[in-house]
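Student: TrEMBL feature annotations, pasted as is:
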- A:4-120: domain 'Phosphotransferase system enzyme I N-terminal' (DOMAIN)
- A:149-218: domain 'PEP-utilising enzyme mobile' (DOMAIN)
- A:His183: active site, tele-phosphohistidine intermediate (ACT_SITE)
- A:248-518: domain 'PEP-utilising enzyme C-terminal' (DOMAIN)
- A:Arg284, A:Arg320, A:Asn432, A:Asp433, A:Arg443: phosphoenolpyruvate binding site (BINDING)
- A:Glu409, A:Asp433: Mg(2+) binding site (BINDING)
- A:Cys480: active site, proton donor (ACT_SITE)
Amino acid sequence: MKLTGAGVGRGAVIGPVVRIAPAPAAPAHEPVPEDPTSAAADVVAAFDAVAAGLRAQAGSAEGAAVAVLGATAQMAEDRALRKQTLAKVAAGEGPVTALDSVVGGFVEMFTKAGGMLAERVTDLRSVRDRVAAHILGVPAPGVPHLSVPSVVVAQDLAPADTAALDLSLVLAIVTELGGTTSHTAIIAGQRGIPCLVRVAGALELAEGAVVAVDAAAGTLEVDPGPEVAEAFALRADVARRLAEDVSPGATADGMPVNLLANIGTAADAARVAGDACEGVGLFRTEVLFLDRTSAPTREEQAEVYAQVLRSFAGRKVVVRTLDAGADKPLAFATQLDEENPALGVRGYRLVRTAPELLETQLAALADAQRVTGVQPWVMAPMISTPGEARDFAAAARRHGLTTVGVMVEVPAAALRADAILAEVDFVSMGTNDLAQYVMATDRLRGELSDLINLWQPAVLDLVAATAAAGRRAGKPAGVCGESAADPVMAVVLTGLGVTSLSMSAGAVPLVRYAVAQHTLAQAEAVAQAALAADSAEAARAAAIAALVPGVAATLGL
Amino acid sequence: MSTRTVAVASSSGLHARPASIFTQAAADSGIDVLIAHGDEDPVDAASILLVMSLGVPSGAEVTLSADGPDADRVLDELVALLATDLDEEP
C-alpha cells in the first residue's frame, strides 16, 4: 500500500509507526446532564487536571518548549473559558458540546484576527482536546513515550505535542492535516527530520506497521521490500558525497550558474560563509527591523551590513532593502488600516509613506562599503514600473552604491522586464510573491496550495520572459525564491537563461549536482518540456521525464 | 472605581509572552481587574484568551479599572508591567 502527501525536506527513512491518539469528538446528541451541579464540578476538575498536567510537563521541559507549554497551561486555567463553558452546562448543554461551542467562538475570533492570534488556535484546540478526553474518560490525546526510533503518525501535531516529542527518536513525522509551512513542518525541517503532511489515509496505518517515508517524493509505503531500503541507503550516501563538492555552479558544458545562499542576519552569514555557496543572493534586511518599536539607526545597520560583507570576504552579496508590510508588518511603518495588505504599501512602496527608512538604509550600506572596501549589490523589492526602478537606482547611486538592481515579483515588472533592465544593472526574481500575484492566491492559504504551485505554467512563462530580457540586455537575471532550492526546477531555470540561483544553504549541494549533469542545450530541452505543459503537475512531470537519465533516480524521484 | 490609562510598551503588543505575563499578574492580584482597548467593551484582565482577543498593538493605549481598597496599588503594579517591554528576556 502506498500513500501520498506533501513532503518537507529530502530525507527518506524506514521505521515502525507510532500513532498519536486522535482528538475525542463530542458524542452525537450528548445527553443533557441529569445533575448540572455535578456536571459543572466535572468540567472544573477536567480543566484543573489538564492545567496541572501541562504545568508539570513545562516543569520538566527545556528551551522553547517551557514557554509553549506554560502558555498552553494558562489557556486551560482561563477564567473566561471556564465561566462561559459552565454557563452553558448550567443552561442544560452536554459538557463537551458546551466546551466545543465556547472554544469554537474563540477559534473563530482568533482566526479572523489572523497573524499571531491565528497561530494560537492550535494551542487552544489542544487544550480543548485534553479537557474533552478528561470529561469523557478516554485516553488523553497526545504524545506517547517513544522507546525505539519511530515514524510518528497523527492527524495534526500541535506545537505543544511537537515540544513533548523526543526528537532524537523521531525518524519521520506523518500527518493527515497540516501544511508544509506549519509549525511542526518547520521544526522538523530545521532538525532535518523528513516530514509528510496532508497524507490522506494516514490515520488508518496500524500501530507498529513498518513504513518507508520518502519526503523528496512525498510518498509513504507500507511493508517496503529490501530494494527500497537499498535505494534509501544509496541516496543517503549520494547526499553525503554531494555535500563534499564545493566547485562553482555550472552546466556540464561550463556555462556558469551562480549558486548563492539566502540569509537574514549577520549570524546566518557567519554560519553559511564556510559552506560551498558562492555568496549571498538574498540578504533579507527586514529581520533587523521586525519586532521593534522604532527603526534601527544608521550606525546600527552599518555595523550589521559590514559584518555580513566581511563574512563573505569579497564574494558577491546581494542586499535587499527593507521588505516590510503585508505578512511582515512593522510597528513604525505599516499602515494598520489596509484592507488588502499584500496589495498595499509594502516593500519599495514604503518610500511613499516613510521615505527616511530607505534613505537611512542606503546611507548605512554606503558606510559599510566604505569601512570594508567590499561593494555590495543592492536591490529593491516590490518594484512595479520602470519609473520606480529608475528612482531607486538614482537614490542608490547617489549614495555611492554601484551595482543596483530590483526584484521582479510583480507581474507588471516581468511583463516590462526590458524597460526595467534599461534602468538597473540586474534583476532577481522572487518566485513566491510572483506566483502569489500571477495566480491571485494568498501564499498562506493551505486549501489553495495547488494554485500557488511554483510549477504553474503562467509563473514559468513570466520567469522565462524576465530571463530572456536579461539575456537581451546582457545583464544578470537571478532567482531567489523557493523555486531555486528544487533541483529539478533549478535545471528548468538554468534552461530558461537564469544566471544565478539563491536558496537556503542546505539546498545547494543537490542543486549543484542537478545543474552540472546537464549541458545548456539539455537544460533548455528540460525547460521547454515544462513550458509546454498545461498544468503544474504536468509541467513538473514533463521536466522530470526530460532530465538526463540517472539524475531523477539520484534525486530520489 | 479606580482607572489608569497606559501605552503598551512590548514590541509585539499584548500578545504571546507579554499577554501571558500580564494576565498571570492580574490573576495573582486577587481582585477583579478590567482592561479596555479602543471602543470595545472592557474584559477580564486575568483571561489570556480575552486579553489576546483585544489585539492590542505595540504603543496602543489601554485602560485598566478595578474596585476596592487594593485597587490603586494593584493598578499601579499592572501599569508598571504594561509600560515595560515584556518581549525582552529579563
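Here the Cβ of each residue, glycine as well, is placed from N, Cα and C on the backbone.
Just so you know, TrEMBL annotations are computer predictions that nobody has curated.
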Student: Kindly state the mean pLDDT of the domain 'PEP-utilising enzyme C-terminal' (A:248-518) in the predicted structure.
Tutor: 92
Student: A:Arg284 (phosphoenolpyruvate binding site) has how many other Cβ neighbours within 10 Å of its own Cβ?
Tutor: 20
Student: Give the distance between the Cα atoms of A:Asp433 (phosphoenolpyruvate binding site) and the residue listed as 'active site, proton donor', rounded to the nearest whole Å.
Tutor: 11
Student: Return the member of A:Arg284, A:Arg320, A:Arg443, A:Cys480 nearest to A:Glu409 (Mg(2+) binding site) in space, with distance defined Cα to Cα and candidates limited to these recorded positions.
Tutor: A:Cys480
Student: Want to know which binding-site residues, from A:Arg284, A:Arg320, A:Asn432, are within 10 Å of the residue listed as 'active site, proton donor' at Cα; which are they?
Tutor: A:Asn432
Student: Fewest other CB within 10 angstroms, which one of the binding-site residues A:Arg320, A:Arg443?
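Tutor: Result for the binding-site residues A:Arg320, A:Arg443: minimum number of other Cβ atoms within 10 Å at A:Arg443.
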Student: Tally of helix, strand and coil residues over the domain 'Phosphotransferase system enzyme I N-terminal' (A:4-120) according to DSSP?
Tutor: 74 helix, 13 strand, 30 coil
Student: When DSSP states are grouped into helix, strand and coil, how many residues of the domain 'PEP-utilising enzyme mobile' (A:149-218) land in each?
Tutor: 21 helix, 19 strand, 30 coil
Student: What span in Å does the phosphoenolpyruvate site cover, taken as the longest CA to CA distance among A:Arg284, A:Arg320, A:Asn432, A:Asp433, A:Arg443?
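Tutor: Maximum Cα-Cα distance: 20 Å.
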Student: If one looks at the chain holding A:Asn432 (phosphoenolpyruvate binding site), which residues at least 6 apart in sequence have a CB under 8 angstroms from its CB?
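Tutor: Expected: A:Glu409, A:Arg443, A:Leu454, A:Gly481, A:Glu482.
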Student: Here are the binding-site residues: A:Glu409, A:Asp433. Which has the lowest count of other Cβ atoms within 10 Å?
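Tutor: Sparsest of the binding-site residues A:Glu409, A:Asp433 by Cβ contacts within 10 Å: A:Asp433.
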Student: Please report the DSSP secondary structure of A:Asn432 (phosphoenolpyruvate binding site), reduced to three states.
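Tutor: In the DSSP reduction, A:Asn432 (phosphoenolpyruvate binding site) maps to helix.
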Student: When DSSP is mapped onto helix/strand/coil, what comes out for A:Arg320 (phosphoenolpyruvate binding site)?
Tutor: strand
